[in-house]
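Trainee: Here it is, the structure, as structure tokens.
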């Protein structure tokens, strides 16, 4: 039984613009599903190499254009928080790819969607962020919607893939909390930092498998587009929103990626989504939009704090 104590607190108003940017981050990332699924000849490791190259090129060009110099060295010379951010993004990305290779897409999506719950624990422990009832309700509703979307496929999962998906969720939750812990820091070096790690690891795996580092030009182009545009722009939106949006709310808003992926593959690749997918997506959108509206309203709300013996 969970014991809680209620403490009166003035509800912090979250700007609508920042909430919208967080939602747009997930929307932007979702376009990557189309390029990834359209890359028919490159395997996951080859695809990740060129996606990472796209990330590094754009971030470095932007940094040099702004007169900030090379960005990559800053990823490894800016202290432990930045190193942790690079490592967590690397874990999130490679974990999800491995999950897709060894278990069903439904399992990977559902297990990775527990990011908000992990972020709740991490933000509570390391940032001292207290949880409003609206946040708790939104998390529950969003997870219920995701469960509806993928419940029929859970039995087909492979345990190794399931663990990889959990690792992916943990990685992204850690990155979310890292960004929130120092919102004034420029986190852009984390992108080329994790991309460099990805190139090295995926390059070793590719060569070990006896494959070429250069897949067909069409697949390479898709991977470059994914990294240079969808990953970079989405992450920049996410980082900007994190300056005023709490970590847990950020992870909820970013779940828009899960909602829009099936929509894009249906419209572009003509993959027919299940009724459960559409229903679950509607539930998740309700949680996302509802929380954004409620957070934008000035109101007094009790904050739920864990009491003795509770599970946060």
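Including glycine, each Cβ sits where the backbone N, Cα and C put it.
Okay, so TrEMBL annotates it like this:
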- 20-150: domain 'EamA' (DOMAIN)
- 160-289: domain 'EamA' (DOMAIN)
- 12-32: transmembrane segment (TRANSMEM)
- 44-62: transmembrane segment (TRANSMEM)
- 82-100: transmembrane segment (TRANSMEM)
- 106-127: transmembrane segment (TRANSMEM)
- 134-154: transmembrane segment (TRANSMEM)
- 160-179: transmembrane segment (TRANSMEM)
- 191-210: transmembrane segment (TRANSMEM)
- 222-241: transmembrane segment (TRANSMEM)
- 248-269: transmembrane segment (TRANSMEM)
- 275-294: transmembrane segment (TRANSMEM)
Trainee: Under 8 Å, at least 3 Cβ pairs, sequence separation 6 or more: does that hold for the transmembrane segment (222-241) versus the transmembrane segment (44-62)?
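Mentor: They do touch: at least three Cβ pairs between the two stretches lie under 8 Å.
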Trainee: State, in range form, which of 134-154, 191-210, 248-269, 275-294 has the highest count of Cβ pairs under 8 Å to the transmembrane segment (44-62).
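Mentor: Stretch with maximum Cβ contacts: 191-210.
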Trainee: Counting a contact as 3 or more Cβ pairs under 8 Å, with residues at least 6 apart in sequence, do the transmembrane segment (275-294) and the transmembrane segment (160-179) touch?
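Mentor: Not in contact, no.
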Trainee: Residues of the same chain, at least six outside the transmembrane segment (82-100), with any C-beta under 8 angstroms of its C-beta?
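Mentor: Non-local partners: 44, 48, 74-76, 107-108, 111-112, 160-162, 164-172, 174-175, 178-179, 185, 187, 189-191, 193-194, 197-198, 201-202.
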Trainee: Taking a Cβ cut-off under 8 Å, which residues six or more beyond the ends of the transmembrane segment (12-32) line up next to it in the same chain?
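Mentor: Non-local partners: 226, 230-231, 233-235, 237-238, 240-246, 249-250, 253-261, 263-264, 288, 292, 295-298.
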Trainee: Give the nonlocal contacts of the transmembrane segment (248-269) in its own chain as ranges (CB under 8 Å, at least six residues past its ends).
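Mentor: For the transmembrane segment (248-269), the sequence-distant neighbours (Cβ-Cβ under 8 Å, at least 6 residues beyond its ends) are 14, 19, 22-27, 29-31, 33-34, 37-38, 109, 113, 115-116, 119-120, 123, 129, 131, 135, 138-139, 142, 146, 149, 172-173, 176, 180, 238, 241-242, 277-278, 281, 284-285, 287-288, 291-292, 295.
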Trainee: Using DSSP, how many residues in the domain 'EamA' (160-289) fall into helix, strand and coil?
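Mentor: Secondary-structure composition of the domain 'EamA' (160-289): 102 helix, 0 strand, 28 coil.
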Trainee: DSSP on the domain 'EamA' (20-150): how many residues come out helix, how many strand, how many coil?
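Mentor: So the domain 'EamA' (20-150) is made up of 106 helix, 2 strand, 23 coil.
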